[in-house]
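Undergrad: Before I ask anything, here is the structure I am working with.
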Amino acid sequence: VVSSIIAECIHFQSNGNDNKKFKGDRPPCSPSRVLHLRKIPSDVTEAEVISLGLPFGKVTNLLMLKGKSQAFLEMASEEAAVTMVNYYTPVTPHLRSQPVFIQYSNHRELKTDNLPNQARAQAALQAVGAAQSGSLALPGAPPNEGTVLPGQSPVLRIIIENLFYPVTLDVLHQIFSKFGTVLKIITFTKNNQFQALLQYADPLNAHYAKMALDGQNIYNACCTLRIDFSKLTSLNVKYNNDKSRDFTRLDLPTGDGQPSLEPPMAAAFGAPGIISSPYAGAAGFAPAIGFPQATGLSVPAGLGPGALGPLAITSSAVTGRMAIPGAGGMPGNSVLLVTNLNPDLITPHGLFILFGVYGDVHRVKIMFNKKENALVQMADANQAQLAMNHLSGQRLYGKVLRATLSKHQAVQLPREGQEDQGLTKDFSNSPLHRFKKPGSKNFQNIFPPSATLHLSNIPPSVTVDDLKNLFTEAGCSVKAFKFFQKDRKMALIQLGSVEEAIQALIELHNHDLGENHHLRVSFSKSTI
């Protein structure tokens, strides 16, 4: 293992000075929970390298090769590694203000038991593990900042200092979503400062976000984030507009939502020649980043040291429309282009069920002449982004699925009499939408694909063996099964791989179990 790891490093050292050259030099590895990091600064600590992986899941092992400016990071699951690579591919992470490059390793796991100089890495991993369970401070964290305290609030209070460029609710949502599911945001001005309250689904997400973002600048040398835990444990949002939003309640009225900025400032940012915005929103402006053609004001087209490098915002309008950095599609688009599908096995219904885990799918079109490609239209841009973040890079029917924002604004239905072979389907009135009901608990139970599935709506007569047989007949290997103690209508089932679980969800969600009960299947964050 050691010699093959060294060989993998040497392969990259010869062309490590030129990232463009590297990209064409070797085809990218298939997804693995072991990640290979290059261009690591020589003075970086083990804890800093581990911190790159923390927002995406548990880090289980680390091998630092400082002489080669490289490292290997092992995540607890392949899906955590896929989410991490998907996130850092368009937006290069930085350590000590230097860009770091990440890709999948050839190795499926990291065996470092017999390697010298591993004591520091193991100590750092143990410290992080203890911090995650709330019993010890994170290495390098200031006092009282590294520990998740019992009863700690999932609500953060955010003050933005040096507000030179406008910061909108959507900018905050895009930045803070990198650390977990954001449920609610309220923005307001107090003591002449722009402030916000932001509620996560889990206090641990709030903890990581505070550690990573406190003191960072959103834009170059301005818009500094000052973050504290709020005394509130939950936010009460009455209106969905540009000042407040409850992402679990799409039914809320807009109220009298005025632009968050004072009118003179909003007008200034909407003036011609300052920021060329593709939107004519109520306030007439979009955030500064991503509009390098702007003139008349020194607008930060790129992010320098001290700005939020890994969290760069490309373009985001007041209207709540967001784009993933590096994606070719239109910001605010709700249509995804899904490529590298298995043309023999994929169906519009299968894509509807899978993408429906992350939002309400309205239409699906599998390309008539190129059946490995499809368009999936979600209910809104946020759902499209969520589905793309979670599903791109996952294996489905033996192929690694890719999802990006499409240039199309909507999926067109075939004209009357047009040959289509049933490849285009409209699901807008489907009873299977998970997020149709305002305030649904489903908003709080959105997790990445995992080998463990959450089953619900199980009738009393159905046994453990019935359910195991159902999944076995669908081609899955069942590793473990457990009914919920308090509610036998629900269970967890652990399958042989994430790919198996994805395929089982497609096949068995809404399966008729009899007694007027249809099985509900979701990805679980738990393991058995």
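Here, residue 1 is simply the first one shown, and the rest follow in order.
Cβ coordinates are placed from backbone N, Cα and C, and glycine is handled just like the others.
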Undergrad: Match it up for me: which of 96-116, 411-431, 432-452 does TrEMBL list as region 'Disordered'?
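TA: The listed stretch tagged region 'Disordered' in TrEMBL is 411-431.
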Undergrad: For a three-state summary based on DSSP, what are the helix, strand and coil counts in the domain 'RRM' (33-117)?
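TA: Secondary-structure breakdown of the domain 'RRM' (33-117): 25 helix, 26 strand, 34 coil.
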Undergrad: In terms of Cβ proximity under 8 Å, which residues at least six beyond the ends of the region 'Disordered' (411-431) contact it?
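TA: Tertiary neighbours of the region 'Disordered' (411-431) are 335, 348-349, 352, 361-368, 371, 375-377.
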